[in-house]
Amino acid sequence: MGSSKSKPKDPSQRRRSLEPPDSTHHGGFPASQTPNKTAAPDTHRTPSRSFGTVATEPKLFGGFNTSDTVTSPQRAGALAGGVTTFVALYDYESWIETDLSFKKGERLQIVNNTEGNWWLAHSLTTGQTGYIPSNYVAPSDSIQAEEWYFGKITRRESERLLLNPENPRGTFLVRESETTKGAYCLSVSDFDNAKGLNVKHYKIRKLDSGGFYITSRTQFSSLQQLVAYYSKHADGLCHRLTNVCPTSKPQTQGLAKDAWEIPRESLRLEVKLGQGCFGEVWMGTWNGTTRVAIKTLKPGTMSPEAFLQEAQVMKKLRHEKLVQLYAVVSEEPIYIVIEYMSKGSLLDFLKGEMGKYLRLPQLVDMAAQIASGMAYVERMNYVHRDLRAANILVGENLVCKVADFGLARLIEDNEYTARQGAKFPIKWTAPEAALYGRFTIKSDVWSFGILLTELTTKGRVPYPGMGNGEVLDRVERGYRMPCPPECPESLHDLMCQCWRRDPEERPTFEYLQAQLLPACVLEVAE
C-alpha cells in the first residue's frame with residue numbers, strides 16, 4: 001500500500017539562516033472581518049534546498065544511516081498574555097477558499113484561536129483573512145519564532161536531525177532540556193577521526209537575573225545573544241555554530257479546517273499503487289491540489305457506521321511515525337484518505353531493488369521508527385491488531401510510518417474473522433489472539449518481533465516452508481523462529497522477548513524503542 005506527504009515536496013524542506021527575524025510591530029484590525037482568501041504574492045518565498053536526516057548507530061549494532069524521523073517542532077499554542085501578532089514559520093498554500101495563504105516571515109494578526117488547530121487570522125502583509133494551521137506560526141519576537149529553536153523535541157530527535165551527513169560541522173539547534181526544567185540545551189554536530197560524526201549537547205543555564213550561560217565566565221542577556229556569540233567564537237564548544245539544523249514543515253492537522261467527511265467527487269484516483277484482499281490503494285489528489293493516498297475498500301468489507309465511528313478515534317492519533325488519516329468518504333465504497341508515502345509498503349520496499357542496498361544499521365533504524373510509532377499507540381491505550389511490514393509505509397530518506405492501525409477489527413469477511421481463514425495473518429499473530437481473539441498491545445509486541453524477522457530477511461515470509469496450521473500448532477508447543485542469517489544474536493534475543501508465551505512478560509514498545517536508540521553520541525554536561 002502506498003501513501004504521502006500532504007504538500008508538494010519542494011517548499012517543505014529548507015535550510016535555515018542565522019539572521020534574526022524582523023522585529024517590527026504592526027497594529028490590529030477589526031475582529032469582525034470575514035475570511036477572504038487570496039493567494040499571497042511570491043515575493044517572500046525563501047530559497048530552499050532538499051535535505052535528508054540521519055539515524056544513528058543503534059545500541060546493539062554498529063554504524064549509522066540516513067533516515068528522516070523528526071517533524072518540525074510544535075511551536076504555536078493557545079494565545080498567551082494577550083499576544084495576537086504571530087510570525088509565519090513556513091510558507092502555506094491554502095487548499096480551500098476559507099483558508100489563508102501566507103509566506104514564511106509574514107506577520108499575522110490572530111482573530112480567533114478557539115476552534116482547535118485552525119485559527120482565524122489576518123495577514124498584515126496581504127490584508128487577507130482566513131484560517132491558518134496553528135503549528136505554522138509562533139508569537140512575534142518570541143524565542144519560538146527563532147529558526148534555531150526547536151522547543152520540546154527530544155535528545156534523540158535532535159541527534160537524528162544533526163547526524164545528517166550533509167550537515168557541516170557546527171550545525172546546531174536549541175531545545176528545551178529534558179533533565180532540568182526551565183533550562184535549555186544547545187545541540188551541535190561534530191566530527192573527529194575517532195568517533196566520526198557525532199553530536200555534543202551543552203546545557204544552557206539561566207541566571208537569577210534572567211541571563212543565560214554555558215560557562216559562567218561568558219554570560220548573555222538573551223538566548224539570541226548567546227547564539228550570535230557562539231556563531232563567531234567556539235570558546236570551549238566543539239566548534240563554532242555554523243548552520244541552523246534543517247527540518248521539514250510539520251503536517252497540518254487534517255487537509256483543511258472542517259475537511260473530514262469529503263465528497264467522492266473531490267478525489268481523483270491517478271496511479272494504482274497496490275491491491276489487497278479488501279481493496280486497492282491509489283495515489284491521487286484532493287481538490288485538484290493536494291497529493292494524497294486513497295485506500296478504496298470493497299463493498300461489504302466493513303460496516304460504514306462502524307468504520308466512521310472507529311475513524312473518529314483514529315483521526316485523533318497523531319504522531320510523526322503514524323500515517324496521518326486526513327479524511328474519509330463514508331458511503332460505500334468507503335474511501336480512506338491518508339498522507340502519501342512515496343516508496344509504498346515496507347514489504348515491497350524490502351523485496352524491491354532498494355532492499356538490496358539496505359544494511360543492518362538502516363534496517364534497525366527502520367525498526368526503531370516503527371517502535372516509536374507503536375510506543376505512541378501504546379501510550380494512547382490503542383491496539384493495532386495487524387502489525388506487519390505490509391502495513392508499514394516508507395517515504396523519502398527511509399522514513400517509516402505505521403499504517404492501518406485499528407482497521408483489522410472492523411473487517412467482516414468470514415475468511416478473516418474466523419482467525420484461521422485464508423486471509424487471516426496467522427504467522428504474525430500472537431497465539432492468544434489467534435486462538436482466543438485476545439488482541440492487546442502485547443499481541444502487537446509479538447507481531448513486532450515477527451516484523452523484525454521481515455526486516456532482517458528483506459521481506460521473507462515468516463516461518464518459511466510452514467503452513468498456517470502447522471505454525472499455530474508448533475508455536476503453541478514452544479517453537480520460535482531461529483536467528484535469521486547475518487542477524488546479530490542480540491537482535492534475535494529482542495525478537496524472543498517479544499515472543500514470550502505470557503503476554504505480560506513481553507516488553508513494552510517504549511522498552512523496544514530504547515533498545516534501538518542511537519549510541520554514537522557524546523554527552524557534554526547535560
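Cβ atoms are placed via backbone N, Cα and C, with glycine included.
Look at ASP386 (active site, proton acceptor): DSSP puts it in coil. The active site, proton acceptor annotation in Swiss-Prot covers ASP386.
Around LEU273 (ATP binding site), taking its Cβ as the centre, 21 other Cβ atoms fall within 10 Å, counting all chains. The ATP binding site annotation in Swiss-Prot covers LEU273, GLY274, GLN275, GLY276, CYS277, PHE278, GLY279, GLU280, VAL281, LYS295 and rests on sequence analysis.
The annotation compositional bias 'Basic and acidic residues' is assigned in Swiss-Prot to 7-25.
The feature domain 'SH3' is assigned by Swiss-Prot to 81-142.
Taken from Swiss-Prot, the feature domain 'SH2' covers 148-245, and the record attributes it to sequence analysis.
According to Swiss-Prot, the feature domain 'Protein kinase' maps to 267-517.
Annotated N-myristoyl glycine per Swiss-Prot: GLY2, in sequence order, evidence recorded as similarity to another entry.
As annotated by Swiss-Prot, phosphotyrosine applies to TYR416.
Per Swiss-Prot, region 'Disordered' is recorded for 1-57.
Sequence-distant neighbours of GLN275 (ATP binding site) (same chain, 6+ apart, CB under 8 A from its CB) are VAL281. Of the recorded residues, ASP386 (active site, proton acceptor) and LEU273 (ATP binding site) place their C-alpha atoms 20 Å from one another. For the domain 'SH3' (81-142), the predicted model reports an average pLDDT of 79. With the fewest other C-beta atoms within 10 Å around its C-beta, GLY279 stands out among the recorded positions GLY279, VAL281, ASP386.
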